[in-house]
Amino acid sequence: MTEKTIVFKVGTSSLTQENGSLDRIKIARITNQLAQLHQKGYQIVLVTSGSIAAGFRRLGFDKRPTKIAEKQASAAVGQGLLIEEYTQNLMKDGIVSAQILLTQDDFADARRYQNASQALQVLLKQRAIPIINENDTIAIEEIKVGDNDTLSAQVASLLKADLLVLLTDVDGLYTANPNSDPTAQHLPQIKEITEDLFAMAAGAGSSNGTGGMTTKLQAAQIATKSGVPVFICSSKEDTALLQAVTQANRGTLFLADDHAMNQRKQWMAFYARTDAAVEVDAGAVDAMLHQGRSLLATGVKALEGDFEVGQVVEVYSQADHRLIGKGRVKLSSKDLQDQLANGRAEGVLIHRNDWVSL
């Protein structure tokens, strides 16, 4: 028996028929595999799209809506239908499921972030399968960008999962879009996610979903930097989920970073709300990135936005305007501005223990 934690993300295209509506056969196939893995001792979390697909026809629309308000309304109807489908299927195998709706705010707020972590840990300990979705009825931006890829990475990182599996309608990452370029080559393993990878990623997904390969790369970047390996594969095979656990099927495996961030630094890097920024000189960049030092107020050359003590701000290199990291500040923007204006900037702005390089 194993107690490994696996987070599966299933996209809309893996759950729907050609007309965009929910496919019960596909859902049954997924839940059957989840049940088999559950019985083997795996701790399973499912991050699922599909609430809009489940609800738009019940609401009277002939095809999947494109307007934000209509999507929100469809999601409000469909979320209950979607979770009911999962719940009934899992109950056939005696498995309890739990619905959790999240938004980015649940990760941006440190207390809610911890609460979400604790609730998920209890559910897994009690052998339930959490079924998680973006709260599409209120999360406007998430509906626009199909951010359940990112959500699944955040959940996997939060739980320190052993593997994140992103199921989609393609069998991994290619050097070009395989649907339009016959020379596209499949990439079975990725050690480091670079800008070149983002450049080659095909950005368009299927019309039923809202996320393409670019969002999956962004998700993989979050997870791998948090110490969680990621496997992207197709959901079309009947046993895709079962095979994905050991990467027996064709896909792309993203290896976990050797120097994974701890949970506190993960929160600063990926989730904390940042409404302000500072620009620092070359000496400060070198001290923070290469010498492990704190950011002194003397290194700050410009600031943007207002911040109070304890808030997380972005830090940019003045030379090339590159984002180099984020950190909690020990001075307010007002105090820092006053110091800079009087030519007497002093003390630590961001301590190295409250800093994460990006």
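Note that Cβ sites are derived from N, Cα and C of the backbone, with glycine treated the same way.
Over in Swiss-Prot, the protein carries these features:
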- LYS9, THR168, ASP169, THR210, GLY211, GLY212, MET213, THR214, THR215, LYS216: ATP binding site (BINDING)
- SER49, ASP136, ASN148: substrate binding site (BINDING)
- 275-353: domain 'PUA' (DOMAIN)
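Locations of recorded Swiss-Prot features on the structure.
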residue : record                 : CB count, 10 Å
LYS9    : ATP binding site       : 29
SER49   : substrate binding site : 29
ASN148  : substrate binding site : 29
ASP169  : ATP binding site       : 15
MET213  : ATP binding site       : 26
THR215  : ATP binding site       : 23
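Distance from the CA of ASN148 (substrate binding site) to the CA of LYS9 (ATP binding site) is 8 Å. Confidence in the domain 'PUA' (275-353), given as mean pLDDT, stands at 93. Here the candidates are the binding-site residues ASP169, MET213, THR215, and by Cα distance the one nearest ASN148 (substrate binding site) turns out to be THR215. Helix, strand and coil counts from DSSP across the domain 'PUA' (275-353) read 23 helix, 26 strand, 30 coil.
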